[in-house]
Amino acid sequence: MARKIRGSLVTELFGTVVTVAAAVGAGVTGGVYFTFATIVSPALRLRSAPEAVAVMQRVNEKALRPPFMIVFFGGALAACAAAVIAMFPGDSAGIVPVRLIGAGLTVASFVTTILSNVPRNNALARIRPSEWDAADAWRSFDAGWSRANTTRAVLAITGSAFLASSLAIRL
């Protein structure tokens, strides 16, 4: 009996820790995406296409450093772990769907980034800002990238809210 209680407490504690990590990861990445949607992208649209391309290329290079990568990959991994642990017996029935929805939204934001934003970033990296067709390349990039960015921002922020709510339900 004591082993079962101890195991259940460990599972509950681990579930709480990974859910907090997932909620924070989704909230931070969602905040980055929101900042791009509301501040960075509109500001880049006021610049010339070659300048916007050059700035976005530098931003994309800086995004590949550990501070963002840890939050980006760690938050998605924590969301997957939170979903799996939510399925273990012992969690209250009200927590499971809320946590699963939050984890699903968080992972959907991650997948949107991988399938939509990253390929566009890679294509933009091959553009020389001084090329005559930089304006066409920028318009094409900005339209699709911004739609995907807004989508992933909404998914991440909503996922974070659901994950945080699943923690509050327990209280």
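Using N, Cα and C of the backbone, Cβ positions are placed for all residues, glycine too.
Feature annotation from TrEMBL assigns transmembrane segment to 20-46 (among others).
Under 8 Å from some Cβ of the transmembrane segment (67-88) lie the Cβ atoms of residues 11, 14-15, 18-19, 21-22, 24-26, 28-29, 32, 95-96, 99-100, 102-104, 106-107, 110, 113, 159, 163, 166, all in the same chain and six or more residues away from its ends. Taken from TrEMBL, the feature transmembrane segment covers 67-88 (among others).
Residues 19, 22-23, 25-26, 29-30, 33, 72, 75-76, 79-80, 82-83, 86, 144-145, 148-149, 151-153, 155-156, 158-166 of the same chain, all 6+ positions outside the transmembrane segment (100-118), place their C-beta atoms under 8 angstroms from a C-beta of that stretch. If you look up TrEMBL, you'll see 100-118 (among others) marked as transmembrane segment.
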